[in-house]
Amino acid sequence: MSAQDKLNEFAGKAKEGIGNATGNEELKAEGQTDQAQAKVADAANNAKDKVEGVKNSLKND
């Protein structure tokens with residue numbers, strides 16, 4: 001996970017926690033959304049890296 005993705009996930013957890021503590025459902029949902037977006041971005045980056053790896057291995061053969 002990139003540093004930016006980790007930061008976004010952490011911020012999302014913080015928002016969700018504050019939303020839970022204050023009863024603010026909108027902030028809680030926003031935090032959950034931020035966390036989900038960070039995980040999707042991480043998965044996309046991992047897939048991109050795997051494709052690049054396959055591409056590079058095919059070039060070297």
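Going from the start of the chain as shown, residues are counted 1 onward.
The backbone N, Cα and C atoms fix where each Cβ goes, glycine too.
Note on the compositional bias 'Basic and acidic residues' (1-16): DSSP counts are 14 helix, 0 strand, 2 coil. Taken from TrEMBL, the feature compositional bias 'Basic and acidic residues' covers 1-16 (among others).
Residues 1-2, 4-6, 8-9, 11-13, 15-16 of the same chain lie 6+ residues outside the compositional bias 'Low complexity' (34-46) yet bring a C-beta within less than 8 angstroms of a C-beta in it. Sequence annotations record features per position, and here TrEMBL assigns compositional bias 'Low complexity' to 34-46.
The compositional bias 'Basic and acidic residues' annotation in TrEMBL covers 47-61 (among others).
The annotation domain 'CsbD-like' is assigned in TrEMBL to 3-52.
What TrEMBL records for 1-61 is region 'Disordered'.
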**Rounded mean pLDDT for the residues that make up the domain 'CsbD-like' (3-52)** = 96
